[in-house]
Amino acid sequence: MYQGEFGLNMKLGYGKFSWPTGESYHGQFYRDHCHGLGTYMWPDGSSFTGTFYLSHREGYGTMYMKTRLFQGLYKADQRFGPGVETYPDGSQDVGLWFREQLIKLCTQIPSGFSLLRYPEFSSFITHSPARISLSEEEKTEWGLQEGQDPFFYDYKRFLLNDNLTLPPEMYVYSTNSDHLPMTSSFRKELDARIFLNEIPPFVEDGEPWFIINETPLLVKIQKQTYKFRNKPAHTSWNMGAILEGKRSGFAPCGPKEQLSMEMILKAEEGNHEWICRILKDNFASADVADAKGYTVLAAAATHCHNDIVNLLLDCGADVNKCSDEGLTALSMCFLLHYPAQSFKPNVAERTIPEPQEPPKFPVVPILSSSFMDTNLESLYYEVNVPSQGSYELRPPPAPLLLPRVSGSHEGGHFQDTGQCGGSIDHRSSSLKGDSPLVKGSLGHVESGLEDVLGNTDRGSLCSAETKFESNVCVCDFSIELSQAMLERSAQSHSLLKMASPSPCTSSFDKGTMRRMALSMIERRKRWRTIKLLLRRGADPNLCCVPMQVLFLAVKAGDVDGVRLLLEHGARTDICFPPQLSTLTPLHIAAALPGEEGVQIVELLLHAITDVDAKASDEDDTYKPGKLDLLPSSLKLSNEPGPPQAYYSTDTALPEEGGRTALHMACEREDDNKCARDIVRLLLSHGANPNLLWSGHSPLSLSIASGNELVVKELLTQGADPNLPLTKGLGSALCVACDLTYEHQRNMDSKLALIDRLISHGADILKPVMLRQGEKEAVGTAVDYGYFRFFQDRRIARCPFHTLMPAERETFLARKRLLEYMGLQLRQAVFAKESQWDPTWLYLCKRAELIPSHRMKKKGPSLPRGLDVKEQGQIPFFKFCYQCGRSIGVRLLPCPRCYGILTCSKYCKTKAWTEFHKKDCGDLVAIVTQLEQVSRRREEFQ
């Protein structure tokens, strides 16, 4: 029965309606729906007073029950947002609600996972929260354009017209909005009735709201709260404090809140039975989180309690729920599995330490009890435990040792090896799983192992009960642990009650070997947890704070980790933020040292989309030279360089930008073979070897880094050795003779490199632009080499006898290299000129050189009747035929034949001795023969 206002033959306005079941409602109506403020009562005495939306509870309201009172936000008849449930004893359950359960508390768990405890990742945290906006929900966009939509048809446009969505006056036939489409215009009418005489929720007034937690459900809750932010209940009930995680203004915790907090702590402890009982009785939600978004699932996963993880997921926990910092349970496990200490140094991120000089004198390390105080986390990078079961101890670098003092020991073995746990010789050769079991005095493998495992409980490095009946220190023995020994020690330690050392643990429980075994066990357990989360649907692409989990596995060089993530759909088109050069996983993998980098690159290339993706480091400079070079003393006088007939012109300029993965691999100096293998993989997948970064091509980078294997691979795979480089680098031949990179290879290797470049098509006659200040000139690679040579004025200009022995060697090496390049240039000129008519070329040279030279010295003239200018003169390259220079020198022709040019008396004499003595006579004979022919013609005429 209805009593109230009508309109359009429908309930419209204020009224009261009761049902035969005893339920009743009095409040506002709109089009036969309970819509607006009102009170709904049930036969059992419970009632709800608040906002209704199309006959559903939505917005802030108060739910009165027999023994409880709830005040909070609703949506579609369900609790959906901040709320407070009050009990008769005065306690209150405060937090964010979803249906009948708390899903986020206002209390923070002290032991929760937080990125604030990992300052090494602070530079990666560049993510800024998005701003909450409701206007986007009201927009109905067309989507794809007509040309892009493969299923475009004209009737699609009707879907955007509210007048065509429903028949006219549809309310006459039905008002059941649950089964009818909701048009945009009708939704605006409904919202206008709800927010009558109030600021519309779509008007962004006051300070902006930012999304606190990016979990999809919590984003919807935050938007729902933002929509009703101007309601009086939002302020009077202190709902804003709940969103901010502030609980100080409320009564003591109620039962649901207490159980939720305790369940998070029990998940950390691994109390499966207690959590199972709570979830079975529905006392708490499996998806509950503390004030910072630290969920029960995250607590169980980070502590490797896989049984609880399975239980929570079976009970509906969201495996991809994020914390307020943006971390999922999977990303937390990856951050623990790959600490920053496990990351490999690489050239992509510029994390390779600068080489340090070794100590001049041996250092004797001082062993003390502090050696035993290393925490468990530091062992993550000392013990490398791949997921498939192969183990390798990788001790950190240690100081040099003095020669060992030989001595004797009784019985060939120790009576008490309790010190072995704390005195394993980290300074000896690396302890690998495939190494011999024991070297030196420990001959019996099994007995030695039992002694190690058994006697560690009787004595340690600092124990007063240690007995060592030998005059030889344990440090004097080189002990290598095999895979079997590590597995057995780890198995024995797995029986310990404590999974990790605690502050109350005695000193012998902190032994190095024991903690290594515990670390191995914990890593294996966490690896199983990671695999479980991925198998249960964890998204490896969801979390980007501090970085995507694929980056963690790549940076740590874990092949199995990368393979696992790729098998579960990890994206490879991700990158760092612009502040970190937008590096991709392929960039970092190409720079990883060791065989792991090769395998990871191969895995990524099978899933990669753009092998030539560029980093945003186009403004960076490739390691400036260690030499403090002054401006070159070589004078530039706008020399034109070689004529165009001597070289082939470039068809297109190379593309320049940030580093590609190929640049990363070619820049490496750590492992030539692995770098070569990575380059081969990249090229086989279509990497472009002719892109520039910082003026360098991959070929010039490999030359600068001294990797001959990569140079050979690039040239074999079609890299262009004549690619013009920018930023004053010239070409690959110029880089080969640059002083900045001369320390990368010896003299024989430099000469072999030049030969290899020329044999693969490098043109030493290619013009090279040289600039210094406002002056410039065009020369060749030889001129570039001399230009750089004269920048080191100490060696280039000082008298030879005043140089130090090392400087003399440097001077001679540089001169030898430049002379060899001059030889190659001369041979290239001769090879090019051999394609032309030698007589005509010689006449052209004489025609151009004789007039300029006769101003100073009278010489022979051309035969009469041979006017070169009228018949077309061949432009020839003017350079010193001995040293190869064409810039900054004064060139003079041979006074006898005018066939060559030299720059100095030294070059003239040396050229005469080495090659020109014979050629000069031949050229003079040509002139004599031409004169005779010319004379005969004159006599005949």
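Each residue, glycine too, has its Cβ placed from N, Cα and C.
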Legend entry - zinc finger according to Swiss-Prot, located in which of 675-715, 798-838, 880-920: 880-920
Legend entry - Cα distance (Å, whole number) from CYS920 (Zn(2+) 2 binding site) to CYS883 (Zn(2+) 1 binding site): 18
Inset, instruction - Between the Cα atoms of HIS916 (Zn(2+) 2 binding site) and CYS903 (Zn(2+) 1 binding site), find the distance and write it as a whole number of Å. - result: 15
Inset, instruction - Across all the protein chains here, work out how many other Cβ atoms are within 10 Å of the Cβ of CYS897 (Zn(2+) 2 binding site). - result: 22
Inset, instruction - Quick one: of the binding-site residues CYS894, CYS897, CYS920, which has its CA closest to the CA of CYS903 (Zn(2+) 1 binding site)? - result: CYS894
Inset, instruction - Determine, using Cα-Cα distances only, which of these binding-site residues is closest to CYS907 (Zn(2+) 1 binding site): CYS894, CYS897, CYS920. - result: CYS894
Inset, instruction - Take the repeat 'ANK 3' (545-574) and find every residue of the same chain, 6 or more past its ends, with a Cβ under 8 Å from one of its Cβ atoms. - result: 115, 118, 121, 124-125, 127, 325-327, 330-331, 334-335, 337-338, 342-344, 346, 386-388, 530-531, 534, 538-539, 584-586, 588-589, 592-594, 596-597, 599-600, 603-604, 606-610, 613
Inset, instruction - Round to the nearest Å and give the CA-to-CA distance linking CYS894 (Zn(2+) 2 binding site) with CYS880 (Zn(2+) 1 binding site). - result: 11
Inset, instruction - For the repeat 'ANK 4' (581-613), find every same-chain residue at least 6 residues outside the stretch whose CB is under 8 Å from a CB in it, and list them. - result: 344-349, 550-551, 554-555, 557-559, 562-563, 566, 572-575, 620, 658-662, 664-665, 667-668, 670-671, 674, 677-678, 681-682, 685-688, 691
Legend entry - C-beta crowding around CYS883 (Zn(2+) 1 binding site), within 10 angstroms: 25
